[in-house]
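The structure appears right after this line, and notes come after that.
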Amino acid sequence: MIDNHILGPVFIHLFTAILQLIAWRKTVTQRYISGIGSFLGVLVAIRLLSKVQDQGILTMNASNWESPFGIVFVADLLSSTLVLITSLAGLAVSLFSSTGINRQRMLYGYFPIFHFLVMGLNGAFLTGDIFNLYVWFEVIIISSFVLMTLGGRKTQLEGAVKYMALNILASTFFLTGIGILYGITGSLNMADLSQKIKLVNNQFLIGITSMFFLLGFGIKSAVFPLYYWLPSSYHTPPSAVAATFGGLLTKVGIYAMLRVFSLIFIPDEFTRNLLMILAVLTIVTGSLGALIKLNIRRLFSYLIVCHIGFMIGGIGMFTKVALMGTVFYLFHDILVKTNMFLIAGLIRQMRGTMDMKSLGGIYAQYPKISLLIALVLFSLVGIPPLSGFWPKVFLFKEAFNISEYAFVAALVLGSFVTLFVIARMWSEVFWKDVPSDVNIEDKYNPMPLARRILLVMPIALLAIATVFIGINAEVVVKLVDQIASQLVDTSSYVEAVLGKQN
Amino acid sequence: MELLLIILIGLLYGAGVYLILRRSMVKLLLGIMFLGTGANILIFLLGGITKGKPPVIDEALKMFQDSYADPIPQALILTAIVISFALTAFAIVLLKRVYALVDSDDLDDLNTPEEEDI
């Protein structure tokens, strides 16, 4: 089904960014444009998802070039759901930034760049062309470089060097992989590639090419031996920026892996084993790192690494139930990780620090907000009615089914460590009294009500989304079930892009 | 010609990896640039090198199909060059700023302990 509206989520953010460039240095106008643009983005994304659910996979050929030759955009259930969740997280971050980002950063174009970043994310989810995916990745990283360095503090720039070097390296590996793939098959269209790759005689060469993709996406999504850039850079930018990065950027890597390994390189025995080993090691190293960190944002950075392992493990098992777990966890993780960094920003506004040793007394001072935050923390840990619980059920079930006991042990360890560090954080930050030798500078309390609402509302919005997913698990499981079937059996995707095969 | 390009690609990748593994920031930058150029030439080589053939042929001339040059690799490389140009420009400015702030070219000096100002 050809539908030209599937690029709506990309264009909404493009136009928002352009309008904001026109309103350069008018920070108040930019804030309004950003809020409205993000809200429209959510509406368009909801419309796209409902359309895809009604009419099946939608495609669009750029400039009407027929499919294997031109660039094609494809909205299947996975892409459109991810676009919706990204838009939702984008809306929350956009609202939070209107108060959480200082005026100097806005003057230097924080908002336009933020919208270019969200545009890049939506484009990456919707494209059906492997080289176009590379271009969207570049849009994402160049925007993220600017967001990372905006403000120019020393720690920020130091983090940015590590972030930049590793991300450019990842892109180069990805580009090398694309070059070899084009040399072997003569095609860039992912659906076409999935057909042609089966006909190649030298499958060994295909395996090597797939490793280039694994390496590129592995750096981006912070998998075990390649994750070092993440904890040494994510704690440096402002919390709203860190929320976008932590919630969305590593997850694009996971999305790209899901797409490439389900469509083009069906994982063979070696790749599966490799992915399982990487998953286990990612979980173990991520949890060990989380155990020793006392700065909230460094702690969250390691938790990102730890939970990436859960999703990699799901891809490594590559059965329908395991992919259901991975996709469900992906949805949950975007919402919750974005929210965690927003919470870190709120705590920073309340206390002026993010070090657990000098924090305390938030529950006594702000009981209602603390309960809201507790809800998010419960979801992260995976308490039953909330969204973090269901995907783990699938992952455990499938890991037992196909006897991946090392992964089961890693899952238990990862979940337990998450519970432990979150419980410790709760008692240190919320329950403990303020240490006697610390002077707190509360910027949150004296703020006017409107600004306080702008800080708390995004957290509440994402918390509601988490609760909604948890309570409506039946609907979401059905959706995830369909997505996983589309990933295991890609014939419907190929058919939608290339037309009926004879 | 192919052999020459293959050796060149190998050299560029090797030199790029070697320079990235060094501790100096300038060498890191050079390494990234070498790797990017290596990737571009790799695409060029794997797209098939043909000499003096037209890239676009008329539909009526289908019998000449095996003697035309593939235009796609050029388009890909052009895109990749533009992107890597922008990234390199950004990286140079960033590294210059870091050098001014840290007053060192050594990547191991980029570990200022936590400072609490956001």
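Positions of Cβ are set from backbone N, Cα and C atoms, glycine also.
Quick look at what TrEMBL lists:
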type     : residues  : note
DOMAIN   : A:129-418 : domain 'NADH:quinone oxidoreductase/Mrp antiporter transmembrane'
TRANSMEM : A:6-24    : transmembrane segment
TRANSMEM : A:31-49   : transmembrane segment
TRANSMEM : A:69-95   : transmembrane segment
TRANSMEM : A:107-127 : transmembrane segment
TRANSMEM : A:204-230 : transmembrane segment
TRANSMEM : A:242-267 : transmembrane segment
TRANSMEM : A:273-292 : transmembrane segment
TRANSMEM : A:299-323 : transmembrane segment
TRANSMEM : A:329-348 : transmembrane segment
TRANSMEM : A:369-390 : transmembrane segment
TRANSMEM : A:402-423 : transmembrane segment
TRANSMEM : A:453-471 : transmembrane segment
Range from A:204-230, A:242-267, A:299-323, A:453-471 with the greatest count of C-beta pairs under 8 A to the transmembrane segment (A:402-423): A:299-323
Contact between the transmembrane segment (A:6-24) and the transmembrane segment (A:329-348) (3 or more Cβ pairs under 8 Å, separation 6+): no
Same-chain residue ranges lying at least 6 outside the transmembrane segment (A:299-323) that approach it to Cβ under 8 Å: 221-224, 227, 230-231, 234-235, 246, 250, 254, 257-258, 261-262, 267, 272-276, 278-287, 289-290, 293, 329-330, 333, 337, 340-341, 344, 380, 391-392, 394-395, 397-399, 401-402, 404, 407, 410-411, 414, 417-418, 421, 425, 483-485, 487-488
Among A:31-49, A:107-127, A:242-267, A:453-471, stretch most in contact with the transmembrane segment (A:204-230) (C-beta, under 8 angstroms): A:242-267
Listed stretch, out of A:69-95, A:273-292, A:329-348, A:453-471, that has the most CB pairs under 8 angstroms to the transmembrane segment (A:107-127): A:69-95
Residues from the same chain, set at least six apart from the ends of the transmembrane segment (A:329-348), whose C-beta lies under 8 A from its own: 81-82, 85-86, 88-89, 92-93, 96, 100, 238-240, 242-244, 246-248, 251, 254-255, 258, 296-297, 300, 303-304, 307, 310-311, 314, 354, 359, 362, 369, 373, 376, 379-380, 387-388, 390-392, 395, 429, 444, 455-456, 458-459, 462-463, 465-466, 469, 476, 480
